[in-house]
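Report on the following structure.
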Amino acid sequence: MLASGVPMEEEELQKAVVAYLRKKGFAKTEIALQEEQQNRLSSSSHPDLPLSRLENDPARYSGGYSKLRSWAYSSLDLYKHELLRVLYSVYIHCFMDLVAEGHMRDARTFFQTFREDHELTHLRDLQKLEGILSPSHLEEMELARSLRQNKVKIKICQYAYDLLLQYLQKTQSLTILGIINERINFEVSPGQPISISDDMEVVALVGSNHDQAKQINQKEVRWGLLEDSVEDRLERANSDSEKAEAENKELDPEDTKKRSVDGGKQAAPVKKPKKDKLVGATGKNVRSETSTAPVAPRVKPDLTLPIMPMEVEKAILEDLRNRVQLSSSALPSICFYTFINAHNGLNCSAISHDGSLVAGGFSDSSLKVWDMSKIGQSAKPGENDSIPSEHFLGTEGEGPYTLFHGHSGPIYSATFSPLGDFLLSSSSDSTIRLWSTNLNANLVCYKGHNYPVWDVQFSPVGHYFASSSHDRTARIWSMDRIQPLRIMAGHLSDVDCVQWHANCNYVATGSSDKTVRLWDVQSGECVRIFIGHRSTVLSLAMSPDGRFMASGDEDGTIMMWDLSSGRCISPLMGHSSCVWTLAFSREGSLLASGAADCTVKLWDVTTSMKGQKIEESKPSSINRLRLLKALPTKSTPVYTLQFSRRNLLFAAGALSKC
């Protein structure tokens, strides 16, 4: 081969052809042949480089993005909002590509020049990306690594997609074309953009396999309640009593007439007061409001459930019979526990099922449990001499709170068992500890996670619990084993929160990768991926019938999901800051949310879901929940919400400046 890279035979053949054309006087043909040869040589001089990397001028990023930005903002208003979604993905990848190529000064200039375009909707991500100062940070920072390793899915209508392709072909901007081709997956929908503009899945970061979520969401989910539970037995008893009463009314109309003639007004029925007390738990009053929703099926448990003591079952039945029925016209009473003088040290709180015990986890690795029955009692002489004033009374069970020591780092989560006799806590020391509220002692230290444990939750039946960690896993445990029973791995970032399904067969996890996943406890497999949040998912709640799940994120957005279909059925916009806690009322008619904006909000679930069965046939329809009431605190962010079995709403938080 010669230095030009052309084989010897081909070069000799080309010379012979040129000589022949020159001899015959075909000057134009000779010139055209030479130009074609030059173009072929120039295009083959960089055979290993993709088109988007042929140039090495950093200005190509700012120039290409600036032109795309001007075109997007000058497009028709009908399609502008869809084209602007593409703009953000191109912006962050232009910045990271500049950093990866070592053009740090140009990268900083580019980042600051166009930052204002995206601060309104992506401020938190921009604050994180602003810390990238060298190419090595792209691998060290979790957000940047996720963005570069996974494609972004963007929903866009057909016409807007065609407009974008026409622009890219017309401008021949190879740099922008390369970024869009490598980093974005488009899901093109027919029709006008208005029909999909309200869809919460329009922009989502997914794994390298674009169809992964769709494939997983096709798996069957048994969302019903446990068969032969206390609630199930009570519901059957109520239905049997209703049937018996209906039969009595139809038995002997002639006897009824005779009794009415003989006794006159004294023949009035006397069974009604007795029945009215029973329908409070799961009777007609509830079903009349939720009749449009399907009755929750009964499923068998996959886990071996603990045996419930008879006295506990009687207490639960008594609570169910005396449960207050909540609705849009009958809102719950709220008992709010406020931590004062916490000095920003309170990280989490927990409340027992009846509100008698309140726990707080602190940054100094201490766990404190307050007994509400002892609040306000006077201290014994000399008892408080060496104790800080904010503690009010002594420790070790002497005063209103008991101090538990054992963790070696800040405590991030705490949860009471369903009966209140045990307490779990998780910490940055990567351990989970089980405490006895009767013995005031640490019973077990569970070690399995490799990094801080952000959340831990008891199952609805006790004995089993779930944890989530910075190591991107969630784990299922039982109280009698020091090793986890299941490890659920699949999230691309921290698993920040965890919640059990009502039938204990599934566990839901929320993550910093902006997704929620539902896991099968028996197999440890992911059976649902819920995509739609724009920021870290911080809180989860399951409806009592097991059909719906609510999730809250860092931006103040709450989303209601249908577990059977995996779709978002209602985005809730109302909070202005992080949603730290969510709770469904015991019959599922209301959803309560608490946030860092110092408010508790109550949402109407039953009325808003009446038309859900009809609307399910329309894939683009969004049914929004109605906000019933916003309850602001004086200056207390809401850490915890929980409904008692009688539908009293408990809440807790630390007094601060909102």
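Each residue, glycine too, has its Cβ placed from N, Cα and C.
Curation does not apply to TrEMBL; its annotations are automatic.
Listed in TrEMBL:
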type     : residues : note
COMPBIAS : 234-262  : compositional bias 'Basic and acidic residues'
DOMAIN   : 55-184   : domain 'TFIID subunit TAF5 NTD2'
REGION   : 234-295  : region 'Disordered'
REPEAT   : 339-373  : repeat 'WD'
REPEAT   : 404-436  : repeat 'WD'
REPEAT   : 446-487  : repeat 'WD'
REPEAT   : 488-529  : repeat 'WD'
REPEAT   : 530-571  : repeat 'WD'
REPEAT   : 572-613  : repeat 'WD'
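Listed by sequence, the residues of this chain that lie at least six past the ends of the repeat 'WD' (404-436) yet keep a Cβ under 8 A from its Cβ atoms are 312, 347-354, 356-357, 359-369, 442-447, 449-458, 460-462, 465, 467, 469, 477, 479. Looking at the repeat 'WD' (488-529) alone, the prediction's average pLDDT is 92. For the repeat 'WD' (404-436), the number of residues in each DSSP class (helix H, G, I; strand E, B; coil) is 0 helix, 19 strand, 14 coil.
Using a Cβ-Cβ cut-off under 8 Å and counting only residues 6 or more beyond its ends in the same chain, the repeat 'WD' (339-373) has close neighbours at 389-390, 400-416, 418-420, 423, 425, 427, 429, 435, 437, 639-640, 642, 644-645, 648, 650, 652-656. Long-range neighbours of the repeat 'WD' (446-487) within the same chain, counting only residues 6 or more positions beyond its ends whose Cβ lies under 8 Å from a Cβ of the stretch, are 303, 305-306, 308, 409, 412-419, 422, 424-434, 493-500, 502, 504, 507, 509, 511, 519, 521, 524.
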